[in-house]
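Each remark here refers to the structure printed beneath this line.
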């Protein structure tokens with residue numbers, strides 16, 4: 001039986017699980033303290049999580065400043081990848097940005113991360129530039145992608 005995934009706002013009690021996903025997804029993961037800071041002290045930060053079968057399967061962070069939104073991080077737990085959960089989560093993030101009256105949405109993605117770029121292109125995101133040597137673990141460039149979401 002296929003169960004539906006549910007997206008909700010991230011809570012403090014989710015941080016341990018979110019950190020596990022972060023650490024398994026990125027070579028230079030954010031710290032747990034960074035997530036606490038985001039939820040408790042950053043007025044621009046909005047975090048969503050996606051659950052499947054009662055388990056936290058992924059998360060997405062967004063900063064919304066005036067009419068500009070930026071995805072700070074998005075990740076799906078390795079064992080849940082390939083189930084369209086990233087697409088569901090990203091769609092929810094875009095909807096949140098629209099609700100908050102953001103006009104533009106941007107993000108950075110590794111130039112080598114073609115699967116993620118493909119997902120973002122499904123939502124109309126287009127390449128907008130390169131940040132040279134953006135990633136500190138290996139000096140890889142970041143591709144800046146953006147889309148207008150509210151006109």
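In case you wondered, yes, glycine gets a Cβ from its N, Cα and C as well.
Listed in Swiss-Prot for this protein:
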type     : residues        : note
ACT_SITE : 108             : active site, proton acceptor
ACT_SITE : 120             : active site, proton donor
BINDING  : 74, 75, 76, 113 : acetyl-CoA binding site
DOMAIN   : 5-150           : domain 'N-acetyltransferase'
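In sequence order, 25, 58, 73, 86, 116 are the same-chain residues whose CB sits within 8 A of the CB centroid of 74, 75, 76, 113, the residues recorded for acetyl-CoA being left out. The maximum pairwise C-alpha distance among 74, 75, 76, 113, the residues recorded as binding acetyl-CoA, is 14 Å. The DSSP breakdown of the domain 'N-acetyltransferase' (5-150) into helical (H, G, I), extended (E, B) and coil residues amounts to 51 helix, 52 strand, 43 coil.
Among the recorded positions listed here, namely 75, 76, 120, 120 has its C-alpha nearest to that of residue 108 (active site, proton acceptor). The recorded positions under consideration are 108, 113, 120. Their Cβ neighbour counts within 10 Å are lowest for 113.
All protein chains considered, the CB of residue 76 (acetyl-CoA binding site) has 24 other CB atoms within 10 Å.
Taking the Cα atom of each, residue 120 (active site, proton donor) and residue 74 (acetyl-CoA binding site) are about 11 angstrom apart. With a 10 A radius on its CB, residue 74 (acetyl-CoA binding site) counts 22 other CB atoms from all the protein chains. Mean model confidence of the domain 'N-acetyltransferase' (5-150) amounts to 96 (pLDDT, 0 to 100 scale).
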